[in-house]
């Protein structure tokens with residue numbers, strides 16, 4: 001039997017070994033690594049809210065009034081007025097009757113999907129969906145059918161060819177694909193879900209707060225807010241806090257309360273997180289939030305244009321997630337290492353997160369990045385790309 005040491009050695013040999021980097025200080029556009037300041041270009045803190053004064057003040061007030069922990073799971077004694085207030089705010093924001101908060105995006109997807117689908121049901125999932133969606137589908141024991149990325153014609157054929165005698169059909173997709181930065185074809189998915197009497201679930205972890213005129217996400221941007229059956233999103237990316245949610249009809253939310261194991265068997269989110277999340281929604285839904293979205297969009301356009309002008313492949317990105325194609329794992333990690341030496345912190349993405357041969361730098365932009373920040377990053381990426389023969 002292969003030992004742990006042997007497996008770890010093999011990962012190192014293949015350039016696939018992973019380790020954690022200590023980031024000192026707060027999650028702003030610049031961070032301190034190994035005692036020196038670097039430009040942070042790999043955080044999901046898209047609007048810069050993780051260090052926003054309004055969120056910090058809300059969290060402090062909540063701790064002073066409610067304490068640090070929630071004490072129990074939601075179905076025991078762990079439901080506070082802060083939970084109910086946040087869920088009401090999320091439902092209003094997403095235009096649904098009800099909402100439910102979970103402890104993480106992973107817990108939300110595994111809990112929702114394994115509750116909604118089971119034996120006798122069929123789950124149709126985009127090939128590039130997040131790992132938590134895949135794990136939720138596997139946990140459900142439903143039939144799991146994956147279709148090629150954004151290929152609506154193949155999905156239609158699979159829906160036609162897959163018999164479901166008495167069970168549910170669930171179509172589930174990322175709204176924004178986390179490693180490529182492109183968008184799901186939500187209008188076409190809505191048409192299919194209607195035609196085949198399926199449920200549609202959208203994981204909008206990377207769209208909520210960022211996309212759409214009101215920051216309500218990819219479904220708002222595509223004009224299908226009311227047509228999505230289950231809106232899933234996270235509180236720890238553009239919203240700057242922690243946790244996740246499902247927004248749906250009262251019937252579906254009641255069902256999740258009774259069937260979603262990751263919800264039932266977890267101590268509930270603490271007061272500080274709930275209050276900060278509530279403040280984040282208020283900010284996103286204000287003129288200040290609109291200004292942040294405009295700044296992020298402008299930064300995205302400038303950054304992509306700068307990279308594309310010198311020959312980098314940004315892999316069809318349509319959002320603030322900008323992949324820079326490199327190819328091999330070893331070369332990608334060398335690229336990341338050299339960038340850090342130049343004061344730019346960008347993580348290399350390798351298998352199993354992305355398919356072999358498609359390794360890339362995953363650059364993520366923030367509304368708070370300045371033009372000088374972006375120019376610094378473009379200059380460093382260009383110089384190292386030329387050195388390594390990527391461009």
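Just so you know, glycine gets a Cβ as well, placed from its N, Cα and C.
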Record-annotated substrate site (Swiss-Prot): member among 52, 83, 130 besides 18, 353: 130
By Cα-Cα distance, the member of binding-site residues 18, 130, 353 nearest residue 234 (pyridoxal 5'-phosphate binding site): 130
Those recorded positions listed as 18, 237, and which of them has the most Cβ atoms within 10 Å of its own Cβ: 237
Mapped DSSP class for residue 234 (pyridoxal 5'-phosphate binding site), helix or strand or coil: strand
Under 8 Å by Cβ from residue 106 (pyridoxal 5'-phosphate binding site), counting only residues of that chain that are 6 or more apart: 132, 135
Inter-residue C-alpha distance, residue 353 (substrate binding site) and residue 105 (pyridoxal 5'-phosphate binding site) (nearest angstrom): 16
